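Below you'll find the structure, written out as C-alpha cells, and then a few comments.
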C-alpha cells in the first residue's frame, strides 16, 4: 500500500523513530521509498511509504510550481500566475526580456541616486532626474539627440534580437565591424569580452548559475526600486535623496503613510 507521508512522518522516518510498536523497518535514504513491516495480530503486513523530500524554494511556500518551470532557469521560483511561459519559445523570450529590463533598472537606479546625490550636495548643478529630459544642451539639439539615440539603440536591439533568433550568428567574423573578438558573446543575453566583461567573471557561462542568480535577483530588486522612485516622484515632486533627508530629519512624521495621506487630502 502506498501512502503520501506528511511532514511529521517525514521527520519520524528521517530520524529513525518508530511510531508503531512491533515493526521492523528497511529504511532507505531520506526522500525515497521505505518498506514497513507492521504486526497486525498474528499477521505481518508490508506497507510501502512514499516519503517526499523537501522541494526547491518557491515564491509561495508549499506551492507546486508549474511543470514548465523546473528550476533550471536562473531565478526560477515557480512564479507565473498567468501561465505566460507555457509555450517554450515564449518562455525563452520572456527570460531575455526580463534580463534586459533588469539591467536597465539597475543602471537607472544607480544613475538616479548618483546624480541626485551630486545635485543635493551641491557638487554639480544637475537637474532632478525627472526633469533631465527637458534639459537643453549646447552641443546638439534635442531632435538630433533623439535621432542619434534611436539609431544607436535600434542597432543594438536589432543585433540582440538577431542573436536571440540565431545564437552565435553575431559573433561571426565581419558581423560587427571587426569587434567580434572584443565582445566575445557567451550565449544569448550574456555578451562578454574585455568591453562588456572586463573582470572576466563567469567565463564558463554554462556553469555560472550562481552569477546569473545574483544578477537577476539584483535586477528584480532594481525594478521594484524604480517603481518606488516613480511613485515617489509623482507624489512628492522631489528626488529620492531629498525624500531620504526629509525622513531622517523627522523619522516619526515624514513617512510614506503621512505622505500618502497628505497627498490624498
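Glycine residues also receive a Cβ, built from the backbone N, Cα and C atoms like all the rest.
Per TrEMBL, the features are as follows:
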- 98, 101, 214, 215, 218, 232, 247: chlorophyll a 1 binding site (BINDING)
- 103, 183: chlorophyll b binding site (BINDING)
- 220: chlorophyll a 4 binding site (BINDING)
>> Long-range neighbours only, meaning 6 or more apart in sequence with Cβ under 8 Å: which ones does residue 215 (chlorophyll a 1 binding site) have?
In response: 74, 99, 102
> How many Å lie between the Cα of residue 98 (chlorophyll a 1 binding site) and the Cα of residue 220 (chlorophyll a 4 binding site)?
Replying inline: 9
> Counting across all protein chains shown, how many other Cβ atoms sit within 10 Å of the Cβ of residue 220 (chlorophyll a 4 binding site)?
Replying inline: 16
> Just checking: which of 214, 218, 232 have a Cα that is within 10 Å of the Cα of residue 103 (chlorophyll b binding site), counting only these binding-site residues?
Replying inline: 218
>> Among all protein chains shown, how many Cβ atoms are found within 10 Å of the Cβ of residue 103 (chlorophyll b binding site), not counting that one?
In response: 16
>> Applying a 10 Å Cβ distance cut-off over all chains shown, what neighbour count does residue 218 (chlorophyll a 1 binding site) have?
In response: 15
